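To keep things clear, I will list the structure first and then write my remarks on it.
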Amino acid sequence: MFAEKVKQIERYAQIAGIPDKVIDELREPKDICYTKIRPIINGKQESLLLIGVFHCNPYSTGARPFKGGLRYHPGVNLDLMKTLAHGMTEKEALALLPFGGAKFGVPIDPAKQTEDDLRDITEKVAERLLLKNMLGPDIYVPGPDVGTNSTTMFWIYNKVAELNVLAKLPNVAAVVTGKPLDYDGCPGREDATSRGLWIVLKEFLQLASLQLPSKPRIAIQGFGNVGMNLTKLTVDSDAEFDQFSNIAAVSDVNGGIFNGHGLDTQKVLDYYKNHKTFAGFPKEEADQITNSELLLLPVDILIPAAIENQITKENANKIIAPLICEAGNEAITPEAQSILDDRGKIVIPGIAANSGGVVVSYLEWRRNRGERRHIVDTADDFEWVKKELKNIMMNVIISTYRTAAKYRTPLAHGAHIAALENISRQLLVKHSRL
């Protein structure tokens, strides 16, 4: 997976004339953490792997941290962490955020763990990273990812604060982002990725001359934090994203539902809230479908919002949707991207489409470091977050669009090239001997 990603980046770099010595910095991570933690699970001490990657930091390490999520999922392995950390390097560079790309994970299924066991696993992660000097507001700042959430982030914050009499970290609240609002979190973080995606998509449709309906038909694969909030925002965002309310299909890990005339999104949200599944959804309102079938539906916009490797060389030739917005990290494999390019499909890649989460994490990090005055009124703070998020996300898609036009390449290439140009500019200053 990582080897394919590097080859893809090398092709983009060649288009833009990025120096090979810069790409050398991206071909292998700066540092790898492959260690063990020993939490208590089911009353017994167990040994679990903690795998992490610091990919590349275009800024001065120690002054600007590595940033990337902490993942709990059985599929966590070193190759995947390297690939996802690489994506974070690009994503943060495209948004001009002062971070390096990282990703950490533990290969467990959180659904099979008790809350007490998950807390102990998380606290052991925090302790281990502190001991290895791999955690801190200016070193590595984790955030939520697959299998983790704001509660997980609070456990890290709480454990680090408890140990800070020894660690002596400055601005300890900035050690992690995605925290609960009552514990130094930031309003708007929960739906930031979804809000950012709709902002990007809305701006792109204004920039491009696509022959799509005023309310395009949309299919969303994945109904976790991102997919669910994409749906919610079309209902309760004061009509800001009303043009995306024609959602024809949604799915979770077990399958989904489809109505060619559009789903009643509020009914879908209510049903899923009560049942935690789409199975049994009224037959007269929607047909049951599989995840594989959802990807091939005759819709205007396809949004893969699940885990990686959903659109592959096996199904890329069968995709009908003219526009694909990659909400899930690495949802489209490099081989599939090439097929989609050849077929003239437009792809807004993950490094542009789903960067809203890390953008609001950046705002939370700044706030916790005292770079923005504390606002008691949460509503005022939320307005600040939405304004900053919109400005950054619009710059992301405009930069992507203009770069693609400049080099006469597909839109997805434009995003990666714009990110590489930003990385190159920073690295050539940081390492003047390159």
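Glycine too: its Cβ is placed from the backbone N, Cα and C atoms.
According to TrEMBL, LYS91, SER361 bind substrate; the candidate from LYS67, LYS112, LYS345 that the record adds to this site is LYS67. Annotation for THR193 (NAD(+) binding site): spatial neighbours ASN225, VAL226, ASN229, ALA327, ASN354, SER355, GLY356, GLY357, criterion Cβ-Cβ under 8 Å with sequence separation of six or more. Put simply, the two farthest-apart Cα atoms among LYS67, LYS91, SER361, the recorded binders of substrate, are 13 Å from each other. With respect to Cβ neighbours within 10 Å, the recorded positions LYS67, LYS91, LYS103 differ, and LYS67 shows the lowest count. Calculated from their C-alpha atoms, the gap between LYS91 (substrate binding site) and ASP145 (site 'Important for catalysis') amounts to 15 Å. For ASP145 (site 'Important for catalysis'), the same-chain residues that are 6 or more apart in sequence and have a Cβ closer than 8 Å to its Cβ are GLY68, GLY69, LEU70, ARG71, TYR72, LYS103, GLY105. With a 10 A radius on its CB, ASN225 (NAD(+) binding site) counts 20 other CB atoms from all the protein chains.
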